[in-house]
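Trainee: Swiss-Prot lists these features:
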SIGNAL    1-18  signal peptide
CARBOHYD  Asn68  N-linked glycosylation site
CARBOHYD  Asn133  N-linked glycosylation site
CARBOHYD  Asn169  N-linked glycosylation site
REGION    195-220  region 'Disordered'
DISULFID  Cys303-Cys369  disulfide bond
DISULFID  Cys332-Cys400  disulfide bond
DISULFID  Cys336-Cys402  disulfide bond
CARBOHYD  Asn341  N-linked glycosylation site
Amino acid sequence: MAFLTAVLCFGFACMVQGVPSWLESRIPLLGSSVASKHPSLLDGNRHHRDMKYPFYMMQLYQNLVMANDTGLARGHNTATKEYDTVLSLFAKRCMESEKRWTLSFDMSAVSKSSELKLAELRIQLPHIEMSHNVTVDVYHTRDGEENLYLGSFEANPFSTKGSPWKVFNVTRILQHYFKEGQDIKSEYLRTKDRAERGSGMSSAEFLDSPGDSPQYNPHHTPLRRYLSTEGVMLVLFTKVKPSVNHIGFPSLIKTAESSKYVDMEKASRMPGIRRHRRNKNEKHHLSMGSIPSRHVDNGKPLCRRVDMIVNFEDIGWGNWIVYPKKYNAYRCEGACPIPLNETFKPTNHAYMKSVVKLYQPEKVECPLCVPIKMSPLSMLYYEGDEVVLRHHQEMIVEECGCS
């Protein structure tokens, strides 16, 4: 974790995007000492593959690394307590006609197997002396051809000062897209903008006035005065539906196998690559008796947790994982005594096997030193052409035991 904190400090020396108050109040501004030692980190919005990623995503990632989940969610919408993925989408097109703004996003990267918890529309605006309402129409577009109307809201984005980034809660609009796909009814969202440094997000409320979607005109005058596609971002906080991953299939395996950035050639060159199978055991603990334990292998250390540094560059994943570049996953090694005791937190099955081993040594093999408690890891990486912040479960060994 010390490495993570050191590497990620650069983001706060060069932040240019605002964050909602629930994040801002919990992210300390650090000095530039780390950046000076690592000049390559100063250009924080570009990866070594020359692909951009938003500063906001880096800020969010670092906040999750430095703060626990309870502190992160306190005072904010309870929906943020439940997300496991954050996806950022830059606008594909920004158009205007009088007091109407038309914003188009490619929602193809959004998984229909995910449940939307929170959606933020973040718009960067210049500091100007102006105050008038604007109707914002939000569309889904794919390859510049398909235009699906998602909804509209009315706001006065110039009415407040502070951060140039104005944030609007558009969860209600996009929930229809997540639930109904193409069958979306027109909704009208009215919102009163508040400064990002105030409540963190504009309040919003729907009016019962559904109707036909506004006429989409690709020849509208581009918003050269106010907006650019790089200054309009949709941030989606989602969670995979329980039924999708009910088997417990490791989420990172699926992600890595589908990534176009994984260097499989490097992996194939590594010597001694073999496939291993491991047993799945019950996780019910049993209070041990007073039978004295003995060592199976004289002189071999007992079951314990040891370091295992995973460097993503070394395993060919460096081109798609933004952060962390490496982390300590830990591993378990050592011998398990016969019979097992409470110190090694065995399952019922493992304890019975150790007792059989004590009395009938040739009948069963020795219990194995394995992880019994795991913790997740937050990772920022490219998924397709988008940047995703995702929490992958069972990435770090917290405790070892015998099974």
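Placement of Cβ uses the backbone N, Cα and C atoms for every residue, glycine included.
Let's see these features in context: how buried, what's close, how far.
Mentor: Other Cβ atoms within 10 Å of the Cβ of Asn133 (N-linked glycosylation site) number 14 in total over all chains.
Under the DSSP three-state reduction, Asn169 (N-linked glycosylation site) is assigned to strand.
The Cβ of Cys369 (disulfide bond) lies under 8 Å from the Cβ of Cys303, Arg304, Cys332, Glu333, Gly334, Ala335, Cys336, Phe344, Cys400, Gly401, Cys402, each of these being in the same chain and 6 or more residues away along the sequence.
Secondary structure from DSSP puts Cys400 (disulfide bond) in a beta strand.
Counting every protein chain shown, the number of other Cβ atoms lying within 10 Å of the Cβ of Cys336 (disulfide bond) is 27.
When secondary structure is read from DSSP and collapsed to three states, Asn341 (N-linked glycosylation site) falls in the coil class.
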Trainee: Most Cβ neighbours within 10 Å: which of the disulfide-bonded residues Cys332, Cys400 is it?
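Mentor: Result of the Cβ crowding comparison: Cys400.
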Trainee: Using the alpha carbons only, what distance in Å do you get between Asn133 (N-linked glycosylation site) and Asn169 (N-linked glycosylation site) once rounded?
Mentor: 17
Trainee: If you draw a 10 Å sphere on the Cβ of Cys402 (disulfide bond), how many other Cβ atoms land inside?
Mentor: 29
Trainee: Please state whether DSSP places Cys369 (disulfide bond) in a helix, a strand or coil.
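Mentor: The three-state answer is strand.
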